[in-house]
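First the structure, which I've put down as structure tokens, then a few questions once you've had a look.
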Amino acid sequence: MPQLGLLPRRAWAALLSQLLRPPCASCTCAASCHSQVAEAVLTSQLKVHQEKPNFIIKTPKGTRDLSPQQMVVREKILDLVVSCFKRHGAKGMDTPAFELKEMLTEKYGEGSGLMYDLKDQGGELLSLRYDLTVPFARYLAMNKVKKMKRYHVGKVWRRESPTIVQGRYREFCQCDFDIAGQFDPMIPDAECLKIMCEILNGLQLGDFLIKVNDRRIVDGMFAVCGVPESKFRTICSSIDKLDKMAWKDVRHEMVAKKGLAPEVADRIGDYVQCHGGVSLVEQMLQDPRLSQNKQALEGLGDLKLLFEYLTLFGIAEKISFDLSLARGLDYYTGVIYEAVLLHTPTQAGEEPLSVGSVAAGGRYDGLVGMFDPKGHKVPCVGLSIGVERIFNIVEQRMKISGEKVRTTETQVLVATPHKNFLQERLKLIAELWDAGIKAEMLYKNNPKLLTQLHYCESTGIPLVVIVGEQELKEGVVKIRSVASREEVAIKRENLVAEIQKRLSES
């Protein structure tokens, strides 16, 4: 009979419920019946309790862990991006990972169905944030901020089918830069495009192109082609897929699934296959249909001004006016843009990556007003850097080249060749830490010197400070260069200054 004290709580409950039941009608001895039942229940429950859980240890679909090596690469990318944002005068900020669901709904068009909803928490219906833009607009409205230049780095969540090889995840990091406030036309917009160019040039991902369009041109195009106004947003989301699907497939979706007349779809097709520079803007200003639409004319006029500023910034050759660019999010109201790599630099044995856009953004002048009780608008324009896709490219390149990554920044290892020197090592390393020097020691009372030196070589630590019996007697320590293996004796009181000097020269 098993020991009752060892049973889990659920087994006790099951046993008790069986024992409290009346004996069966055919049974002549209640005690014997209960005893048999108890034995069967105990055996069954113990068997279940002893079995190992049958599950696979893995991360949820569309998510991933990042190793220390990957984090080093990721942090370098983020440092470059954030330093560019700061160079342009942006302030950092953060918002909660989840928002009230009502704050996020009806802001993303068809993307609203991809939001992660949380269970009712204390009477509040919540959703994980889908991007960083809508929470920023909510912040501006809630705090009555009329002017702000900010950057924000944080995770967002989208319940879509992940394509890991293309850098698409359900949980991913976004790096946003936004300018909020009433300013003269196209000056902030041009700066956003300049920032995108600076970041993509700095990351050295290869040649790239930034497609630009204007939501007013898109809506004007739909109007002159005969798209019913009620279908503008849904047709816009179809056009937004042209970077992933052929025109014939997009046309089929608009006609067969969204009920657009075939001749209207064909008129749209004539426009969305046009792309070029400022000369195309001039051409569209003369277009017999578009030139009759007030919205389209406003958008084309702003694009013409934008190209003037981009020329002054020296980046006009990186920009293409592309009528197929639509940006599916509902909140865009003016200029929109998207950066794509023209090719991913490949080496022998490397598969070219199809990663889609690596940065995107646009103007959203009405979003803040959607949160303001009085509908007061704060014009905004911004951009988002696709960190995950960029990281995939950089990571693959490093794998092919065999480039090694240091996962720590340790500058000095405090070591000893003798036993019973833990106290001296602890005093030494505390002195280095207090001086701001990045130092380590092995967590053993009496480590072997060879083990300590091998640790330095395997982790890339450049210097070793060695203290032993002779050094202690003479009031010195030895500094060893791991690369050259040269050792120099230094007076104990000069140790910090000497290490700082060496580190500044390296």
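Keep in mind that glycine also has a Cβ here, set from the backbone N, Cα and C atoms.
Feature list, courtesy of TrEMBL:
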type: BINDING; residues: Asp131, Leu132, Thr133, Arg158, Gln174, Asp178, Arg327, Tyr331, Tyr332; note: L-histidine binding site
type: DOMAIN; residues: 62-417; note: domain 'Aminoacyl-transfer RNA synthetases class-II family profile'
type: SIGNAL; residues: 1-27; note: signal peptide
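Help me see these features in their spatial surroundings.
Around Tyr332 (L-histidine binding site), the same-chain residues six or more apart in sequence whose CB sits under 8 Å from its CB are Arg215, Gly362, Arg363, Tyr364, listed in sequence order.
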Going along the chain, which residues six or more apart from Gln174 (L-histidine binding site) have their CB under 8 A from its CB?
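The list for Gln174 (L-histidine binding site) reads Asp131, Leu132, His152, Val153, Gly154, Lys155, Val156, Ser384, Ile385, Gly386, Val387, given in order along the sequence.
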Within its own chain, what residues at least 6 apart in sequence put their Cβ under 8 Å from the Cβ of Arg327 (L-histidine binding site), listed in sequence order?
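Correct list: Asn213, Arg215, Asp240, Ile336, Glu338, Ala360, Gly362.
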Within the domain 'Aminoacyl-transfer RNA synthetases class-II family profile' (62-417) only, compute the mean pLDDT.
91
Are there any residues in the same chain, six or more apart in sequence, whose C-beta is under 8 angstroms from the C-beta of Thr133 (L-histidine binding site), and if so which?
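Set apart from Thr133 (L-histidine binding site) by at least 6 residues yet with Cβ under 8 Å, we have Asp176, Asp178, Tyr331, Tyr364, Leu367, Gly382, Ser384.
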Over all pairs in Asp131, Leu132, Thr133, Arg158, Gln174, Asp178, Arg327, Tyr331, Tyr332, the listed L-histidine binding residues, work out the largest Cα-Cα distance in Å.
21
